[in-house]
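S.K.: Per Swiss-Prot, the feature topological domain 'Cytoplasmic' maps to 1-16, 154-161, 208-220, 274-293, 351-355, 419-432 (among others); the stated evidence is a curator's inference. The annotation topological domain 'Extracellular' is assigned in Swiss-Prot to 38-72, 242-252, 315-333, 377-397, 454-468, 513-534 (among others). Swiss-Prot lists 110-130, 133-153, 162-182, 187-207, 221-241, 253-273, 294-314, 334-350, 356-376, 398-418, 433-453, 492-512 (among others) with the feature transmembrane segment. What Swiss-Prot lists as region 'CTP-binding' is 455-470.
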C-alpha cells in the first residue's frame, strides 16, 4: 500500500526491492519445506529457484515492451511470489489432511500443489520462449527444475490426477489468451498467474463434480457455481459488446435480460443439479436459519449502508472542491478496511458458514456492479464510473477497477480455503486456529495500520521502496494486539503456546508487504494463511 514518501526510480533500487521480496518468499518456502520435508516440498524449492531466475526475464520483457500482452506497468512481474502460492497451499493442506487421517483430501492437496507447479512452469516457459536472445543459462536452470518436478509428480500422481492437472493447465492457457487480451493492463504476469490459475482450478473442479454427481456441502457448490457463472458472464458480454455499443438503452436492456436468462437458465439449474434442491429456497432457509444469522445480516446491512454513505460523502466533497481530479487520501480509502474488519470478525466468531455464503453473494454483487460500470450499462453505469473514480490508485491502470474485489477476496479466501473435512469440529489447534483470521490480520489490520502510520509518520524507508520502517513495525504491533483481542473474544481459539511461530509469520508477511509491488490485498492473506496452517 502507499506510504507518502517519494519512491526511488533507479534500476538498482528496483533490483534491491525485488531481491528483498525474493528473500522473503524464499524464507516462506524454506519454512514450509522444513515443516513438510518430503519429495513434494523439494519440488517447491526447485520451483522457487527457477521462478527467481525467470522473474528477471519477465521484468526485462515488461521494461522493453516485448511481453505478449499488455500488463500493468507500475510493478515488477511478481512471478516468484505468485508461483509459490498454489504449491505451498497444496502442501500445507496435504499435511493437515494427512495428520487428520483423510486420504481423499490428502490427495486433493497434492493435486493442488501439482497444478500450481504446472501453471507456474507454463508462465516461465512463456517468458523464456519470447525472450531474445534466448537466455541459455536460465533455460538450463528452468529445464532442470522442471524436469525434477515432472519426474517426481509423474511417479506420485495417478493417471486420473495427471489428467486433472493437464485439464486445469489447458483451461489456464485459454483463459490467459482470452482475458489478457480483453483486459489490458489489469494484471502483472504474477497476478494473472494467481488469479487465472485459481479460476481455472475452480472451473475444472466444478466440471468434475458436475459430471461425477459427487456429494458435498451445498455452500461449497454455491461458491464454485457463483465464481464460474460470473466469469463466464463476463467473457460472454465482453465478446458480445465488441460488435455493439454497450452504452445505449437497447444494449442495456439486452444486458439485463441476458443476465436474467443466464442466471435463471444456467446458474440456478446448474446449482440445483449439484445440491439436489431448489437453490433459492435453500439460500433463504440457510440465511434465516437462526436468530443469530438474522442479527448478523441486519448488522452487515447497516455496515453496507455506512460504506455507501462514505462513498457519497467523499464524492460530494470532490464536487465542492476546486479540483475535479481530487482523489481520496490514504486514510479515507482505509475506511473500507475498517468496515470490512467490523464485518468479518463477528461472522468468524459467531457463524462461519453464514460468512462463507455471504462473502460469496457479496463477491457476485461486486463483480456484477463492475460489469455494469465497465460496460456503461444504464441506468447505473455512468454513476458508478463517477463514484468509484475517486478511490482509484496506481494499481487500477486497466479498464477494470479490481481493488475492492481483491480486498473482498483477501478477506474471504482464508474462510473458503480451510480444509473443513480435515479439522475436528471445524476448528484448528495452535497457530492454525488463526487461519480464518488471516485476511483480517494481514489486510484488515496490518496493511491498514502500515499504510496510515507510514503515510503520516514514516521517515525511514526500506531500501528500494517507498514503504517505511515505521509503518511495518506498527503493522506487526497492531497484528499482535489483534491476536490478543481474538484470544479474549473468541473462545474457540487455542494457540497452544505457538506464539513464536505466530510472531514469525506475522513479521514475515509484514516484510513481504513492505517490498512487494503486487496486489497486497490478495497476496498477503494467502501467505499468512500458508504460514499459519503449516
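Yeah, the Cβs are placed from backbone N, Cα and C, and that goes for glycine too.
Bear in mind that the values here come from a model prediction, so they are computed numbers and not experimental data.
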S.K.: List, by number or range, the same-chain residues at least 6 past the topological domain 'Extracellular' (38-72) whose CB is under 8 A from its CB atoms?
M.R.: 18, 22, 25-26, 29-30, 32, 78-80, 83-84, 87-88, 90-91, 94, 110, 113, 117, 120-121, 123-124, 126-128, 130-132, 135, 137-138, 141-142, 144-146, 148-149, 152-153, 156, 176, 180-181, 184-189, 191-192, 395, 397-398
S.K.: Kindly say whether the transmembrane segment (187-207) and the transmembrane segment (221-241) touch, using the definition of 3 or more Cβ pairs under 8 Å where each pair is 6 or more positions apart.
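M.R.: Answer yes: the transmembrane segment (187-207) meets the transmembrane segment (221-241) with 3 or more Cβ pairs below 8 Å.
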S.K.: With a Cβ cut-off under 8 Å, give me the same-chain residues at least six positions beyond the ends of the transmembrane segment (133-153) that come close to it.
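M.R.: 39-40, 42-43, 46-47, 49-50, 53-54, 56-57, 114, 117, 121, 124-125, 162, 165.
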S.K.: Looking only at the topological domain 'Extracellular' (454-468), report the model's average pLDDT.
M.R.: 84
